[in-house]
Amino acid sequence: MVQTIIEAEGLSKRYGETQALAGIDLSVPAGTILGVLGPNGAGKSTAVRILTTLARPTGGWARVAGHDVVTEAGEVRRRIGVTAQDATLDEALSGRQNLRMIAELSGLRRADGASRATELLDRFELAHAADRPVRGYSGGMRRRLDLAASLVANPPVLFLDEPTTGLDPTSRARMWEVIRELVERGTTLLLTTQYLEEADALADRIVVIDHGRIIANGAPSELKAAVGGTRLEVTLTGPHDGAVGALAPLVAGLVDVSSDGRQLRAAVPAGSGVATAVIRALDAVGAVVDDVAVHPPSLDDVFFALTGADSPAAGRQAAGAGPVAPPRLPSQASGTGPAATPDAVPAAHSDHLHGAL
Amino acid sequence: MSQLAPPLGAPVSPADSFGGPARVAPGSRALRDVIVLTRRNLVHVAREPLQLSDVLIQPVLFTLLFVYVIGGGVSVAGGSYKEFAVAGLLTLNLTTAAIGTAVGITTDLKTGAIDRFRALPIWRAAVLVGRSLSDLLAAALCMTMVVLTGLAIGWRPHASVLEFVAALAIPLLFAYALSWATACLGLVSDGPESAQGIGLVILFPVAFVSNAMVPTAGMPAFVRAIAEWNPVSAVTAATRDLLGNPNPSALSDAWPMQHPVAAALLWSVAILAVAAPLAVRLYRRRTTD
C-alpha cells in the first residue's frame, strides 16, 4: 500500500475579512510530486505555510508524514524541508555558514553539519562561492542554496514554494533536474508554481487553485483531456477587422484576440486540413497571416479554460457570448522556457506553417 | 549537474523519524539552538561592523561631549565631574544601546529569517535568548569602550578588583534586563525603523531623568523624585559607590539612593521577570498566523 504523506481536508484560512484558503483537500502519495498551480494570490503560499506549520488553519486539518500540522507541529518540522517563496537565507552569512547553521538547528552534530554543508555546496555547484556572503549571490545561486538548505537534514517531505520564479531558463532547467532526482530517491514533494510548463514537466498530479479553492485536480494529461479539442493560434501581420468573423465557422467556441489584434487563439475541432482552411478563410477576407499553429491543448489552455472568467476583457472580441480567454502567461509567451518542456509544442502533434502566404 | 555530483544522501523512508546523519541528544538541544543563534548574530555583527556604532562610537563621543562640553558647567560635591561622569556614561550608553535588541528582532522578522527558524525543529524561545546573549556581548563591548575612554581622559576607579567587577556586572545585568524589555517593544512594532524611533523616545528620557549625568539635587522636586526612583539612577549610584567615585545621590533620603546596590539588583530582576516571559508570549503571538 502506498503511504499518503501529505493529506488535508477542508483546509481553510481566513485573515480578517480575506478568505485566503476556502477549504482544500489534498492527498499526496509517498514519492510523488504534487504541483500546486495558480496565479499570484490564489492561496498557494497560504497552503504551504499551513502545511509547514508556519500558519494555523482556521478550518479543516492537515497531516504531513503522519503528523497533524497543528497539534504535532514539532514532529512535522523534523520531517520537512521548506523553500519559501522569498529565499529566507541569511544575507550576511556565507553559503556555508547558512547551511551549517540550518544543519545544527536541525539537530545534526557539528562535524556532520560541516560535512553535509560541503557535500551540498558541491552538489549545487556553489563550492566556488561557499565562503562569500549570500548578499553577493545571483538569483539562481540563492535558489540553489535555499534548496540545499531545505535538504540539509535529508527530509522525506519537501515543500518548494515557487522554486523557479525569477530564474533564467538555464537555472530553471538545473533546478528541475535536482527536483527530479530528489523524487527518484523517494522524497515526496509539494511544489507550487505559476508556470504551467513547470507543473506539466515535473508533477505527477496537479491541483489548480484559484481564489482559495481547488478548481481542478488530476494528472497533467487528464487536465489537458478535460479541456478537449485542438488549439489554433494564428499570428497576423497586422490587426484585421474581418479576421474573427472569418474564423468563426471553423472554430469551436470563442476566438481570443490579443490586445494588439495580431494574435488569435481558439479551440478547433480535431481533424485534417484545419490549418489550410484557416489560411484560406483569412486570405479570403484579406488578412495577412504570419504564422499558424495547431496543437494539442497545453496547461495554459487548461488554466485559462478554468479561470478565464477573471480575465481582463479589454481589447478583446469574442465570436460568441460568454467569457473571453485572457492572454497567455508571460512565462510562456516569452518562449524562453527550457527545451525540456513537454508542451513546447512543435514535435509530431502539430501542424505548423511558417512564412508569408 | 547530476554527473559530477556525489549522491544527495541515502534514500529516506517517510516513516523514519530521523533521516540522515546522527543527531545530538534532545536534552542539550535548547542550549545548542541558543549557541547557534547567538553565534549567527555575532557573525552578522562581524560582517557589518557599522551596526556597532552605537556601542563603539557613541560611548566615546558621549564621554568626550559630557566631560569636556557639558561637564564644565556642572559642579559635583566631593570630586570632579570626570570622576562623577564615567559611571553615568556606562549606564547611559547601555540604556540607549539596549534598543539594538528591538532592532535586531524586527529585522529578523522582516527578512523572513525567523520564518526559516520556525520551520526547523528548534526550541522556540531560542531566537529570543540568542538575540539577548549576542546583545549582552555588544553591551560588554560598549562598557569596555566607556571604561577605556574614561581611563584615557584621566578617570580612575578607586576600588578592589572584586568591587570593580561588581561595578561593571551591575550595569551589565541591567542592560540585559532592558534588552528583554526592548525585545517586547520590537515584537509589537511594525519594523526596525519604528522600533528604533519609539524605543529612543522612551529610552532617552529614562536615561536622562536620572542621576547619570547631573546630580539630582538641582532638579525640581517632582523631577528629582522621579529621578531618584528611576532604575537608571539606582544602577548608576551603585556603580559609583563600588568604583569609589563621587556619588552625590548618597545624600538623598530616597530608599533606592540609600541602598543603590539592592535597588539596582531588584530593578533588574523585576524587569527581567516581567519582560522575558512577556517577550516569549509576544513572540509566540507575532509568529503565529
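Cβ from N, Cα, C; glycine included.
What TrEMBL records for B:50-286 is domain 'ABC transmembrane type-2'.
For B:55-78 (among others), the entry in TrEMBL reads transmembrane segment.
The transmembrane segment annotation in TrEMBL covers B:84-107 (among others). If you look at the transmembrane segment (B:84-107), the same-chain residues 6 or more away from its ends with a CB under 8 A from one of its CBs are 41, 51, 54-55, 58-59, 62-63, 66-67, 71, 76, 127-128, 131-132, 134-135, 138-139, 142-143, 145-147, 150, 155, 167-168, 171-172, 174-175, 178-183, 185-187, 189-192, 195-196, 199-200, 203-204, 206-208, 210-213, 215, 232, 235-236, 239-240, 243, 245-248.
Here the transmembrane segment (B:128-153) has Cβ contacts under 8 Å with residues 33-38, 40-42, 45, 52, 54-56, 58-60, 63-64, 67, 82, 86, 89-90, 93-94, 97-98, 100-101, 104-105, 108, 168, 171-172, 175-176, 179-180, 183, 279-280, 283 of the same chain, all six or more residues outside its ends. Taken from TrEMBL, the feature transmembrane segment applies to B:128-153 (among others).
What TrEMBL records for B:165-188 (among others) is transmembrane segment.
Annotation comment: TrEMBL describes B:261-283 (among others) as transmembrane segment. Tertiary neighbourhood of the transmembrane segment (B:261-283): same-chain residues 124-125, 127-128, 166, 170, 173-174, 176-178, 180-181, 183-184, 187-188, 231, 234-235, 237-238, 241-242, 255, selected by CB-CB distance under 8 Å and a gap of 6+ residues from either end.
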| query | Against which stretches of its own chain does the transmembrane segment (B:55-78) lie, if we need a Cβ under 8 Å and a gap of at least six residues from its ends? | reply | 49, 84-86, 88-89, 92-93, 96-97, 100, 138-139, 141-142, 145-146, 149-150, 153, 213-215, 246-248, 251
